[in-house]
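Sequence annotations record features per position, and here TrEMBL assigns 3'-phosphoadenylyl sulfate binding site to ARG68, SER76, TYR176. Sequence annotations record features per position, and here TrEMBL assigns domain 'Sulfotransferase' to 5-179.
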Amino acid sequence: IVVAATEVHFFDWDENYVKGIDWYRNLMPFSYGNQITIEKTPGYFTSPQAPRRIHDMNSSIKLLLILRDPTERVISDYTQVYYNRVESHKPVQLFEDIVIKNGVLNTKYKAIQRSLYDVHMEKWLKHFSLDQIHIVDGNTLIKDPLPELQKVERFLNLPSRIMSSNFYFNQTKGFYCIRSDGR
């Protein structure tokens, strides 16, 4: 497996998409015919145009989707924005004031929009069959990454190489990390 170094935003940003498929491929790392190239851009999942564009590029592609509990996702998003605004000495709104408007869930709040997984999956399932999409449980991935990554290996038809010895628990971060060579 070889992984693109950054989020490319080719399929979700028009200004990159118009540069063409050769521009996109030139951003991918070199890979041999027996290797799988992976590119990750979380924005693809919520993009209205990404499913069609990806399908047009490769209709038999396999897709990995990491999802976490949507409520935890919204709270995490808010917390990150909150602390960034506090550090920048910008005004902040209370969580409740953003999430609830006139006693109703504020579905215009971007964090909630991104967490309406069913709405986004409908778009993807118009272009890809469910057997082309593997959903990784993000909560389990954080707590116990080995079984989730072994499922990914099977989905991608890769030989089983990931073992528990590939991970260590980082006390500072509070989750598992992948060991680098020699550690």
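Backbone N, Cα and C define each Cβ position, glycine as well.
DSSP assigns SER76 (3'-phosphoadenylyl sulfate binding site) to a helical segment in the three-state reduction. Long-range C-beta contacts of TYR176 (3'-phosphoadenylyl sulfate binding site), restricted to its own chain and to partners at least six residues apart, with a cutoff below 8 Å, comprise ILE142, LYS143, ASP144, PRO145, PHE167, TYR168, PHE169, ASN170.
The average pLDDT for the domain 'Sulfotransferase' (5-179) in the predicted structure is 94. In this record, 3'-phosphoadenylyl sulfate is bound by ARG68, SER76, TYR176; the longest C-alpha to C-alpha distance in that set is 18 Å. Its Cβ taken as reference, ARG68 (3'-phosphoadenylyl sulfate binding site) is surrounded by 16 other Cβ atoms within 10 Å in the chains shown.
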